[in-house]
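Notes for the one structure printed next.
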Amino acid sequence: MPSLFTPDADWPAWPSASVVDRTAIHVVRLWMPDGFPRYHALLALLSPDEKARAERFLIDIVRQRFVVCRATLRLLLAGLCDCAPTDIAFDYGPHGKPLLSSLPTLHSPLSFNVSHADDVALFAIGWSCELGVDVERSRDHDWRNMARRFFATAEWEQLQRLPTELQHAAFCRVWTCKEAYMKATGQGMSLPLGSFAVCADPRLPPRLLSVQDQPSEVERWQMSCVDPAPDFAGAVMWDGAMKNVQRWTWHLSGPLAPVRGGEG
């Protein structure tokens, strides 16, 4: 099966869990092609509630991508936790953020987050931190009006001062960084988009600029842009110290079993 994503120097193939650096943030990209032939094998890895959720999707491709994405998450986490994919269990935060339930093999807090746009998914994994990741397809549809309506004043003003040829890239960057922050905090869409600001200039390192009534948040959070493919923008956010961000590619053409190595 041909793949949109070929492992390269920037996005190598996901390694054995035994060599995964647990001091880093890991971002794994996945291509989910239409008509994936191993759908039923992946579906078998899901829990009963996940299967029920999949059945509620009325559009076939949406259902397929949910199953592929969720099964891949289970395979990634199972390898890191040294267990079977079906042993993975999830809890959910007040606003629906998925969390990993405690496992006997898990000796330090493992965090994860998932995002997908069309046929591309990003998985973020880290230890002893809160995580949020977002990926969006770059589109030209009405982005300027969306920025004017939803961005914080500081973001909108910075975007307008940029050269015209950089403004659309700036919009994509701000949008993904804001989504990643909202997911990392666990507040999701309950957090008003205009209540915090990120750096809009794509020529500068991404960072949180301000959070309404919470100035200490600016120093708490770190972010990195992780664009997985042409025409896609991605961002990952985590709390705590600055960490190395490692990028990986996951292929669904291999064995449907975790690449184990122990959580350690």
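Note that Cβ sites are derived from N, Cα and C of the backbone, with glycine treated the same way.
What TrEMBL says about this one:
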type	residues	note
DOMAIN	31-124	domain '4'-phosphopantetheinyl transferase N-terminal'
DOMAIN	131-215	domain '4'-phosphopantetheinyl transferase'
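Counting residue by residue with DSSP, the domain '4'-phosphopantetheinyl transferase N-terminal' (31-124) contains 38 helix, 20 strand, 36 coil.
Remark: secondary structure over the domain '4'-phosphopantetheinyl transferase' (131-215) totals 44 helix, 14 strand, 27 coil, with classes taken from DSSP.
Per-residue pLDDT, averaged over the domain '4'-phosphopantetheinyl transferase N-terminal' (31-124), rounds to 91.
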